[in-house]
Amino acid sequence: MAIHVEGIVAIVIFYLLILGVGIWAAWKNKNSGVGDGADQSERIMVGGRDIGLFVGGFTMTATWVGGGYINGTAEYVYLPNYGLAWAQAPFGYALSLVVGGLFFAKPMRSRGYVTMLDPFQQLYGKRMGGLLFIPALMGEIFWSAAILSALGATLSVIVDININISVVISALIAIFYTLVGGLYSVAYTDVVQLFCIFVGLWISVPFALSNPAVSDISVTAKEEIYQSPWLGKIDPKDAWLWADNFFLLMLGGIPWQVYFQRVLSASSATYAQVLSFIAAFGCLVMAVPSVLIGAIGASTDWNQTSYGYLAPKDKDQSDMILPIVLQHLCPSYVSFFGLGAVSAAVMSSADSSILSASSMFARNIYQLAFRQSASDREIVWVMRCTIFVFGALATAMALLTESVYGLWYLSSDLVYVIIFPQLLSVLFVKGTNTYGSVAGYVFGLLLRIGGGEPYLKLPPFIYYPGWVNQERIHHVTGEVEHFVQQRFPFKSMSMLASFSANVAFSYLTKYLFESGTFSHKYDFLDAVVSKHSKEIMDKATLVSNQDNIILSEMAPVKQVVGASIAGTFINAEVLSDDGASSPEAFVDDN
């Protein structure tokens, strides 16, 4: 297949448009927040906290509607024996945004945090914040690598250009405008990218539906013609597996810096909630064309197309069903619009993840853990360097690692199993401390890793109830691969175990130290007896608002059993939107 010159021209025009918008956004907002006394580093991270409703709604929606989202939704609708019933991403992520808006956006924004890790470092200390940074960073980098890899494969299908070149160019453009403008450039380019996704896919759908090789999708939804119906079904024996994956999407989609970066950029806590609800609706709307394209793929007699007599599922190309439909069921000029949509989706997610990872590193690791005296200019340069480093790392992984999707699946699981219960504890449970946080981290990690990961060929060392041996046959090589499938909802169980361990060990250590059972000298993490120690209270500005509140020393702990052990459980103060940002609200002051 020859290189499509028209496709190359369309891609160049699209990329120049995105780059131009990113540079314009950086120039337009270069002085935003200056009058309010905001640091330049904070403006890069949270956009001066003046992101409007229109741009904010678009950028939050575009963060979820990435290349993996639109490609993955089409893939699962297309796959035999899965179908729409197993395409959980649209509904799972939409509910994730609703839950995040109802319960998490308000307390996080009302306290004026800059990153998702701020409350963890405030309460659990810089070392624990560093540990929690690891799964958060893995999630962002692996996600960027996975979608860049998908973009390269998509471009190779439609335009027939070198995968490596397309991935590198796409990554460089996203890195450049993120370097120049930070969150402003990311947010404004998201508006253009989301528009391109919507228009590009919807233009393609009518042409694909009218192709002579495509049967009526309303018929193939319930009847088997070329493969099993695309509506799909949930086998009773897989019900717990389905529920486990759904809760992972719904709750595990909350504790991501890409989400809280937009929450914290809103002008108020109420605005942050509204943005979440707008994005939830946007995710559902943007999934519709992907669902239709997956249904079209399942309703096509591929022997009548230029693709060949074997269907994509028989060539192990189900994950590429969206670009394959665009390439072989639509006119070439239409498929180029769809290609622009896929490219936009990838860049809208990649730039957000790279900026989020660099924000957490520059603030929570470099500044708060190692260089509390670092100047704002220094922090800005650290951010710029890490944007480039993390972007290069994601690009290298996309080009060199075959199991990048497996790495992303595992890292997203760790975000759900480790960070989500920690976020619940730090926001809504009074009295948790560093000992409980460490215990929850270890319990969640062991239980999740113990279940294995087939994508990485990681065998389990914990066999949960209902496990079965499965085999996969590679359609090209004929190689048979055996793996263990865990049908027990062990991911959600690991998350609950992590949360329970955090609360239980926190209250246990609190009782042991306050009652005198353990000597104070054994409080080596300074988490119970010495809450005002330098480890946690390093005078770093973790919470910033118009009053520039800093971490102040807390009163010494009374050497008696705290009454809150039995009574005060829910940290209700965080639910108020009174602008208070005192760190004492998160710490049991008994």
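Glycine too: its Cβ is placed from the backbone N, Cα and C atoms.
Nobody curates TrEMBL annotations by hand; they come from automatic prediction.
Check TrEMBL against the ranges 51-70, 551-570 and you find transmembrane segment recorded for 51-70. Residues 60, 64, 69, 73, 116, 119, 245-246, 248-254, 259-260, 263-264, 266, 269-270, 272-277, 279-281, 283-284, 287, 291, 423, 427, 574-575, 577 of the same chain lie 6 or more positions beyond the ends of the transmembrane segment (90-108) yet place their CB under 8 Å from a CB of it. Here the transmembrane segment (333-358) does not touch the transmembrane segment (406-429). Their Cβ atoms form fewer than 3 pairs under 8 Å, with each pair 6 or more residues apart.
Highlighted: of the candidate stretches 51-70, 129-151, 163-184, 271-296, 129-151 has the greatest count of Cβ pairs under 8 Å to the transmembrane segment (406-429).
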